[in-house]
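**Q** My questions will all concern the structure given below.
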Amino acid sequence: MLRGMKVVLTTGNPGKVRELKEGLAPLGWTLLTLADFALRMPKEEGATFLENALLKAAYVAKATGLPALADDSGLEVYALGGEPGVYSARYGGRATDRERNVYLLERMRHLKGEERKARFVAVLVLAYPDGHAEAYEGSVEGVILEAPRGEGGFGYDPLFYVPEAGKTFAEMGLEEKARYSHRGKALRALLEAYKDGPPPREVSKLE
């Protein structure tokens with residue numbers, strides 16, 4: 001399990017940092033953030049969540065000499081061809097979560113019922129300074145509401161309704177959200193892999 005191992009979280013998003021710290025707590029790792037280092041992060045130019053997560057994790061691991069964990073995640077609306085996808089954090093060039101939510105609702109105003117189905121996807125990449133990297137993924141199906149509900153969470157959480165739970169992510173606390181969320185599922189996959197120590201590299205490495 002490597003309790004006390006220092007790992008750098010490569011996101012500056014406070015919501016993601018909070019959920020990652022909560023989810024990784026059982027491992028006993030010492031979690032650092034980008035605020036602990038003077039790094040200029042590379043642009044996220046990957047075409048997939050995996051490419052972006054690998055880019056961030058590998059860069060930070062090499063720059064700091066420490067293992068680095070990157071989270072690249074986003075919302076995919078089926079009727080919009082997978083938008084916003086890898087552009088979730090900068091959708092439509094909007095600057096804030098609220099503006100992006102409004103923009104998404106505008107893009108979906110003609111969609112009803114089944115046409116509003118969507119999913120959240122999360123890819124975690126844990127990269128080591130020697131170049132080894134591992135990926136853990138999670139996804140959750142849901143529906144985009146026609147108006148926001150709830151005060152918690154971040155990003156598109158107020159719009160993403162989880163039928164199984166009967167509420168949006170923004171209506172859930174951290175623990176409940178982790179049970180259902182894409183990030184929670186990816187974190188559980190990582191926890192399972194590390195429950196008896198680091199997984200065999202020939203099994204866990206990214207091809």
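Even glycines carry a Cβ here, placed using N, Cα and C.
As annotated in Swiss-Prot:
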BINDING   Thr11, Gly12, Asn13, Pro14, Gly15, Lys16, Ser73, Phe154, Gly155, Tyr156, Asp157, Lys177, His182, Arg183  substrate binding site
BINDING   Asp72  Mg(2+) binding site
ACT_SITE  Asp72  active site, proton acceptor
**Q** Checking the spread of the substrate site as listed (Thr11, Gly12, Asn13, Pro14, Gly15, Lys16, Ser73, Phe154, Gly155, Tyr156, Asp157, Lys177, His182, Arg183): what is the longest Cα-Cα distance, in whole Å?
**A** 20
**Q** Between Thr11, Asn13, which of the binding-site residues has its C-beta surrounded by the fewest other C-beta atoms within 10 Å?
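**A** Candidates: the binding-site residues Thr11, Asn13. Fewest Cβ atoms within 10 Å: Asn13.
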**Q** Rank the binding-site residues Asp72, Asp157 by the number of other Cβ atoms within 10 Å of each Cβ and report the first-ranked residue.
**A** Asp72
**Q** Let me make sure I understand the structure: which of the binding-site residues listed (Gly15, Gly155) has the fewest other Cβ atoms within 10 A of its Cβ?
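**A** Comparing Cβ neighbour counts within 10 Å for the binding-site residues Gly15, Gly155 gives Gly15.
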**Q** Could you tell me which three-state DSSP class Asp157 (substrate binding site) falls into?
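**A** Coil, per DSSP.
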**Q** Just to be sure I understand the packing, how many Cβ atoms besides its own are within 10 Å of the Cβ of Ser73 (substrate binding site)?
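**A** Neighbour count, Cβ to Cβ under the 10 Å cut-off: 26.
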**Q** Helix, strand or coil: which one is Asp72 (Mg(2+) binding site) in, per DSSP?
**A** strand
